[in-house]
């Protein structure tokens, strides 16, 4: 038998297709950063400038020429100039006929102009297909490559133009969401003007919890001492009272990061499927867990700093000096149990804070991006629950035998540390129930059933069952 003949060619002899050429109008920070990212993604880039020979440094490998020449050479053009400089585009309308114009402009405030920038651009160049998009990307993010998985929005009247821009954005590592026609351009232009949009709910919750426990402790500690004992200890408000509020808020906020995942798992068990969407309130809660965790970490940092300054406070130094003057420094009975409790309390606090910081670091895009999905899931889920367990144990040891003392319940109210342990304890108990073999098998069957019917499920949706 004759072996089949195979035609072999040396590597590199076949002509590789020439990379697509993209045009950028504007040589400012955004234009240069976008050009750099496009070049790194395999595109060729040409800049259109009013002064091609004196436009400043540009990314290596990019060309620069006049606006008209650059427009003729590419079919997709990025408009990286401010709206007030759009007038020159009207004179270039013949050169932009049939081109795709991507408007990246933003305004300094809402309702700055009677119509959206993209709609104004379409009116200036009616023969072009204008697409509004990528305006939520900053020059800093483009320069540092922090684009993987980042969501961007597009809108436009031409489906073909949006498809071309979406393919380019996907090649940059972005996730594209189509918002419809160009009438949605004003909404897209308002996105960058939103102040801490994803942080509003976590901050409101944190402020509410802080205010509640601050006034609760103010009544139990300061006002109670003044009314019942005639003591003025209002000086404790600045440090002692605050240092009680910070760890309480931190622990509750950390618990609220993991509570929605537990609720979602029980909801899936009740429904017998993970195909149905979660309620809007639960979906919104789950989307802001990262922000809740970072707020919790901030309060943990405040607790650590406040704890360090306790020995240098005037009231503490005054108490020590008074004891020495009254000759009350004689040795007292050594309680081995109390020593174990104190050391355990400090060790759990140190370990809890360490894991807290570790969780916060992996939330950073530069760190989390270097981890695989399994590694990231392990740290944020398994290590996160371990952190919650350690911090909860830290709180229980702080209470120790205070739970049984009648003097702890001032004006028949429970101490604040007892109230703050309710939410984390509930989360840990519910999580323990989910780890029972029968429940775990049920969740596994639900997950496998979903994967059979949705083999190409997006990673973002699959995170729910890993919590």
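Just so you know, glycine gets a Cβ as well, placed from its N, Cα and C.
Annotated by TrEMBL as transmembrane segment, the relevant range among 416-439, 440-463 is 416-439. The feature transmembrane segment, as given by TrEMBL for the ranges 151-174, 175-198, 247-270, sits at 247-270. Annotated by TrEMBL as transmembrane segment, the relevant range among 345-371, 372-398 is 345-371. Among the ranges 123-146, 291-314, the stretch that TrEMBL annotates as transmembrane segment is 291-314. Contact counts against the transmembrane segment (416-439), taken as Cβ pairs under 8 Å, peak for 247-270 among the stretches 247-270, 291-314, 345-371. Residues 144, 146, 148, 254, 290, 293-294, 296-297, 300, 304, 379-380, 383-384, 386-387, 390-391, 393-394, 397-398 of the same chain lie 6+ residues outside the transmembrane segment (345-371) yet bring a C-beta within less than 8 angstroms of a C-beta in it. Secondary structure of the domain 'Pyrroline-5-carboxylate reductase catalytic N-terminal' (23-106) per DSSP, as helix, strand and coil residue counts: 31 helix, 19 strand, 34 coil. The average pLDDT computed for the domain 'Ferric oxidoreductase' (248-382) is 84.
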